[in-house]
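To keep things clear, I will list the structure first and then write my remarks on it.
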């Protein structure tokens, strides 16, 4: 009987986990290889043009992000480096990437049973991106994008190989990093916001940059170079 009870409990737990998992389909449409990264769920995956990677994140996952790494070289043990988005020199990321990197961020099943998600340029920009619910429900549950030619138009002070860096990493200080209380937009953040109005352009850019969808009925798609 103990074995049966344990099996039944395991079945219920598996069912609950399956029921509340949210899938993120990550697709590379770029004409070059992108090494996708995802934390705290997923790790990393090489994506050649046209390839996809599906990540299943359990309800309650938060402080999560998906991004693309470029110009990477890894050995058979998954060690190496990337020009942009590198996460400690490993293929399977467990920490965040090194700027600049365009970010898809999310927190699942939070306040009022909502998912909160966004595209962020707070860490700079390296790859054009769309982030979308696969079944949009209106309101703030709709596709968002950052597809402007930011690398080509990047100011010289922020330009780095493979991307356009953020002012906090470049200059430091409270004005740009917002680590010690309220802060507002700057000329540098406006450069990003004017080109990608859906995206976070500085750390406290919440009102125009946070999107929500019902937690119990939404999956998502992230596309590089849409």
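Glycine too: its Cβ is placed from the backbone N, Cα and C atoms.
Because TrEMBL annotations are produced automatically, they should be read as predictions rather than curated entries.
For 1-21, the entry in TrEMBL reads signal peptide.
For 30-225 (among others), the entry in TrEMBL reads disulfide bond.
Annotation source TrEMBL lists disulfide bond at 72-82 (among others).
The disulfide bond annotation in TrEMBL covers 87-93 (among others). Around residue 87 (disulfide bond), the same-chain residues six or more apart in sequence whose CB sits under 8 Å from its CB are 37, 39, 44, 69, 93, 94, 95, 96, 97, 98, listed in sequence order.
Residues within less than 8 Å, Cβ to Cβ, of residue 141 (disulfide bond) and separated from it by at least 6 positions along the same chain comprise 133, 211, 212, 213, 214, 218. Taken from TrEMBL, the feature disulfide bond covers 141-213 (among others).
The Cβ neighbour count for residue 146 (disulfide bond), using a 10 Å radius over every protein chain in view, is 25. Taken from TrEMBL, the feature disulfide bond applies to 146-196 (among others).
Counted within 10 Å of its Cβ, the other Cβ atoms near residue 154 (disulfide bond) come to 19, all protein chains included. Annotated disulfide bond per TrEMBL: 154-164 (among others), in sequence order.
Residues within less than 8 Å, Cβ to Cβ, of residue 177 (disulfide bond) and separated from it by at least 6 positions along the same chain comprise 168, 203. Taken from TrEMBL, the feature disulfide bond applies to 168-177 (among others).
If you look up TrEMBL, you'll see 178-183 (among others) marked as disulfide bond. Around residue 178 (disulfide bond), the same-chain residues six or more apart in sequence whose CB sits under 8 Å from its CB are 168, 202, 203, 204, listed in sequence order.
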Rank the disulfide-bonded residues 72, 82, 183, 196, 213 by how many other Cβ atoms lie within 10 Å of each Cβ and give me the one with the fewest.
183
Closest to residue 82 (disulfide bond): which of the disulfide-bonded residues 146, 164, 196, going by Cα position?
164
Which of the disulfide-bonded residues 146, 196, 225 has its Cα nearest to the Cα of residue 72 (disulfide bond)?
225
